[in-house]
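See structure below.
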Amino acid sequence: MPSLLLWTGLGNPEPGMALQRHNIGFMAVDAIAQRHGFTPWRNRFKGLTAEGTLAGRKIILLKPMTYMNASGESVQPATAFFKLPPEAVSAFHDELDLAPGKVRVKRGGGAAGHNGLRSMDRMLGTPEYWRVRLGIGHPGSKERVHGHVLGNFAKSDQEWLGPLLEAVADAAPLLAEGRAEDFMTRIALLTHRQ
């Protein structure tokens, strides 16, 4: 397990987009930074970075300010600067194919239509980084996907969204240790979602 990890939250930088489902990746890294006393966010690598330590490993949190479709243009210079292999990189992102509040971690795989992941794959030259898939649910039909991901979380979503972000922050040290299964289990226990 590398001693330095880059955790990227995927989202869009416009203030008016902050509460959209597509921005749950930003929300997750914000929760981690706040819970674990990371440094204040600062401008770097066409994004915002915050630094801290979890489980004895240095973590760089990154929020690309490039818009979702160009996320790789922020992630690539950060990985090059720190000389990071793909396995040291994780992308926290919204996942249509998981029920709201469910979390799955995997390494590699396809972009599944997610433009942020597609941009990272292209700019990093490999899909072999980690993905922390944060379930937002599927609207039911392909035609409604665009409006769903770019829509704000509904009031009813708050009952699972807040606890989920708290649980991700709470379990983050397990992820830093490379214990993806334990990270997922801890979140499921904390949110009562198996």
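Using N, Cα and C of the backbone, Cβ positions are placed for all residues, glycine too.
Annotated active site, proton acceptor per Swiss-Prot: His22, in sequence order. Residues within less than 8 Å, Cβ to Cβ, of His22 (active site, proton acceptor) and separated from it by at least 6 positions along the same chain comprise Leu10, Gly11, Asn12, Met68, Asp94, Val149, Leu150.
Secondary structure at Tyr67 (tRNA binding site), as computed by DSSP, is coil. The tRNA binding site annotation in Swiss-Prot covers Tyr67, Asn69, Asn115.
Among the features that Swiss-Prot reports, site 'Discriminates between blocked and unblocked aminoacyl-tRNA' is placed at Asn12. Every protein chain shown contributes to the tally, and the Cβ of Asn12 (site 'Discriminates between blocked and unblocked aminoacyl-tRNA') ends up with 21 other Cβ atoms within 10 Å. Taken residue by residue with DSSP, Asn12 (site 'Discriminates between blocked and unblocked aminoacyl-tRNA') is part of neither helix nor strand, so it is coil.
For Asp94, the entry in Swiss-Prot reads site 'Stabilizes the basic form of H active site to accept a proton', with the evidence type sequence analysis. Its Cβ taken as reference, Asp94 (site 'Stabilizes the basic form of H active site to accept a proton') is surrounded by 25 other Cβ atoms within 10 Å in the chains shown.
Summary: among the binding-site residues (Tyr67, Asn69, Asn115), the fewest other C-beta atoms within 10 A of the C-beta are counted at Asn69. Across the residues annotated as binding tRNA (Tyr67, Asn69, Asn115), the two Cα atoms farthest apart lie 10 Å from each other.
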